[in-house]
């Protein structure tokens, strides 16, 4: 065989072997790694939003008013209108596929509102991280979708739809009404991320028994 023909054949074999690895957005990963990555993303994002909530509260909400405001914030959380588990015990009664669908629904309900987050919070080190929230939210969405593809054998099935979505964050921080609105939205965002994190940790723990299951 001529040298040129041998080189062409070698290149053809090389590209054939590399082709399947480059066909997807992410390389194939074990299910345990997919769960571990999703849990870490959810934990980090939940903590980031919790810190932002605390900083917003400290900066804009008088301490004497916090309790009365917090007691009425549940009305802002549209996620309460879906039959999602409210805690670890309830989550353990649901299948993994159900929990993934609830998690995805909660995450996707915030993709639009959080795009305005960085325009609202610009004067603090904590608020300065808010421009990363959308990116991290999309990363978590992709992680959950990857898990759903694995558990549903790659099929795409319809799920629940949140009929009422969250409003965008208000950029007018000089208005008391806007401050209360943003405070309520941050509270709901924090609660919804806590739910999603809980669901992912429940699934990971019952599939891969480990010491961190106590939470």
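Using N, Cα and C of the backbone, Cβ positions are placed for all residues, glycine too.
What you see is a predicted model, and the numbers here were worked out from it, not measured in a lab.
Here's what Swiss-Prot has on this protein:
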{"type": "SIGNAL", "residues": "1-25", "note": "signal peptide"}
{"type": "BINDING", "residues": "44, 197", "note": "Zn(2+) binding site"}
{"type": "DISULFID", "residues": "77-188", "note": "disulfide bond"}
{"type": "MOD_RES", "residues": "130", "note": "phosphoserine"}
{"type": "DISULFID", "residues": "205-213", "note": "disulfide bond"}
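The two recorded residues, residue 197 (Zn(2+) binding site) and residue 205 (disulfide bond), have Cα atoms 12 Å apart. The disulfide-bonded residues in question are 77, 188, 205, and the one with the fewest Cβ neighbours inside 10 Å is 77.
Note: the CA-CA distance between residue 205 (disulfide bond) and residue 44 (Zn(2+) binding site) rounds to 18 Å. Over all protein chains present, the Cβ of residue 197 (Zn(2+) binding site) has 23 other Cβ atoms lying within 10 Å. Residue 77 (disulfide bond) falls within neither a helix nor a strand when secondary structure is assigned with DSSP, and so counts as coil. The C-beta environment of residue 44 (Zn(2+) binding site), restricted to residues of the same chain at least 6 apart in sequence and closer than 8 Å, consists of 136. DSSP classifies residue 44 (Zn(2+) binding site) as helix under the three-state reduction.
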